[in-house]
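Peer 1: Residues or ranges marked as ATP binding site by Swiss-Prot on the basis of sequence analysis: LEU7, SER8, GLY9, GLY10, LEU11, ASP12, SER13, SER14, THR15, ILE16, LEU17. The annotation Zn(2+) binding site is assigned in Swiss-Prot to CYS191, CYS199, CYS202, CYS205 on the grounds of sequence analysis.
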Amino acid sequence: MKAVILLSGGLDSSTILYQAKADGCECYSISFDYQQRHRRELHSAFLVAQTAGIVQHQVINFDLRLWGGSALTDDNIDLPQERSLDAMSQNIPVTYVPARNTIFLSFALAYAEAIAAQRVYIGVNALDYSGYPDCRPDYIEAMQEVFRLGTKQGREGQPINIVAPLINLKKTEIIQLGNQLGVPWNLTWSCYAGGDVACGVCDSCRLRLAAFAELGLEDPLPYAYLKGV
C-alpha cells in the first residue's frame, strides 16, 4: 500500500512516518518550503526521510510571506517566548499560518492521486496546546470529504484516506509511541525561531521539552537557552 506522508521534520511528523512504515506502507514523503521562519526544519525532514529509507522525498516551494499573517511568515510579528503551557492554550496563537494544512493536504492529495496512493498521513494533534483550527478532528473529517468528492479515485469508490494517528494523543504519548517505533529524535526539529540551534523558549520548544521532562527523558537536541517549563 502506497502512502504520502506530510513530513516537516518535527517530532509529530517523524513519528507518523515511522508509523506508516510500521503499518506496512510504501512511503513517499512531502515537505514544504514556504519561506517559513524556521526553514531549518527542512534539513531535518530530509535526514529523517533518508534514515527511514522511504521511496521518494519531495520538497514543494512556494512563498507564504507574500501575504504573511503569521509569526512564522512575517518578521514583523513577534514570536511568543517563555509562555506557560496554560498561556499557550488560551487562544489561537500568532504562529498559526492561515490555511496551512489545507494547502499542505491539497498538495499531498495531488501527489497521492498521481502515484495511486491509498493513504495520506498527517501528524495533527488535537490535544496539543497549539489550538490550531486545522489540527482538529472536525477539520480532518471535512477534508476527508474533500478527498472523496474532489478526486477521480474518490468518485470511483476508492477514496484516498487521511490517516491521523496522533489526533487524540498527548505529546508525552507521541514520544512514547515514537520510542517504540524507533524514531531518531536527534534528527528531528521543532523550534520556530529559525536559528541553527533550537532556542528552547518558543512555544514549540517548550511543549517538546515539557513532554520529555514529564516522561523523565532527556531530549537529545541541544538548546540555546533552557528554563523550567
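Each residue, glycine too, has its Cβ placed from N, Cα and C.
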Peer 1: Using DSSP and collapsing to three states, where does LEU17 (ATP binding site) fall: helix, strand or coil?
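Peer 2: The residue in question, LEU17 (ATP binding site), is helix (DSSP, three-state).
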Peer 1: How far is it from CYS202 (Zn(2+) binding site) to SER13 (ATP binding site), counting Cα to Cα, in Å?
Peer 2: 19
Peer 1: Given the Zn(2+) site residues CYS191, CYS199, CYS202, CYS205, which other residues of that chain have a Cβ within 8 Å of the mean position of their Cβ atoms, reported in sequence order?
Peer 2: SER190, TYR192, ALA193, ALA198, GLY200, VAL201, ASP203, SER204, ARG206, TYR223
Peer 1: Determine, using Cα-Cα distances only, which of these binding-site residues is closest to CYS205 (Zn(2+) binding site): LEU7, GLY9, LEU17.
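Peer 2: Comparing Cα positions, the candidate nearest CYS205 (Zn(2+) binding site) turns out to be GLY9.
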Peer 1: A 10 Å Cβ contact count, applied to the binding-site residues LEU17, CYS191, CYS199, CYS202: which residue has the minimum?
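Peer 2: Among the binding-site residues LEU17, CYS191, CYS199, CYS202, the lowest count of other Cβ atoms within 10 Å belongs to CYS199.
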Peer 1: Taking just the CA atoms, what is the gap between GLY9 (ATP binding site) and CYS199 (Zn(2+) binding site) in Å?
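Peer 2: Cα-Cα, rounded: 16 Å.
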Peer 1: Using an 8 Å cut-off from the Cβ centroid of LEU7, SER8, GLY9, GLY10, LEU11, ASP12, SER13, SER14, THR15, ILE16, LEU17, can you name the remaining same-chain residues around the ATP site, in sequence order?
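Peer 2: Close Cβ neighbours, site residues excluded: ALA45, VAL48, GLY123, THR188.
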Peer 1: At a 10 A cut-off on CB-CB distances, which of the binding-site residues LEU7, LEU11, CYS205 has the highest count?
Peer 2: LEU7
Peer 1: For SER13 (ATP binding site) and CYS191 (Zn(2+) binding site), determine the Cα separation and express it in whole Å.
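Peer 2: So the Cα of CYS191 (Zn(2+) binding site) lies 14 Å away from that of SER13 (ATP binding site).
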Peer 1: Pop the Cα-Cα gap between CYS191 (Zn(2+) binding site) and LEU7 (ATP binding site) into the table, whole Å please.
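Peer 2: Given the Cα positions, LEU7 (ATP binding site) is 15 Å from CYS191 (Zn(2+) binding site).
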Peer 1: What is the separation, in Å, between the Cα atoms of CYS199 (Zn(2+) binding site) and LEU11 (ATP binding site)?
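Peer 2: Rounded to the nearest whole number, the Cα-Cα distance is 16 Å.
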Peer 1: Within 10 Å of the Cβ of GLY9 (ATP binding site), how many other Cβ atoms can be counted across all chains shown?
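Peer 2: A 10 Å sphere around the Cβ of GLY9 (ATP binding site) contains 24 other Cβ atoms.
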Peer 1: Going by Cα-Cα distance, pick out whichever of the binding-site residues LEU11, THR15, LEU17 is nearest to CYS191 (Zn(2+) binding site).
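Peer 2: Checking each of LEU11, THR15, LEU17 against CYS191 (Zn(2+) binding site), the shortest Cα distance is to LEU11.
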Peer 1: Near THR15 (ATP binding site), which residues of its chain come within a Cβ-Cβ distance under 8 Å, counting only those 6 or more away in sequence?
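Peer 2: Non-local contacts for THR15 (ATP binding site): GLY123, LEU166, ILE174, LEU177, GLY178, LEU181, VAL183.
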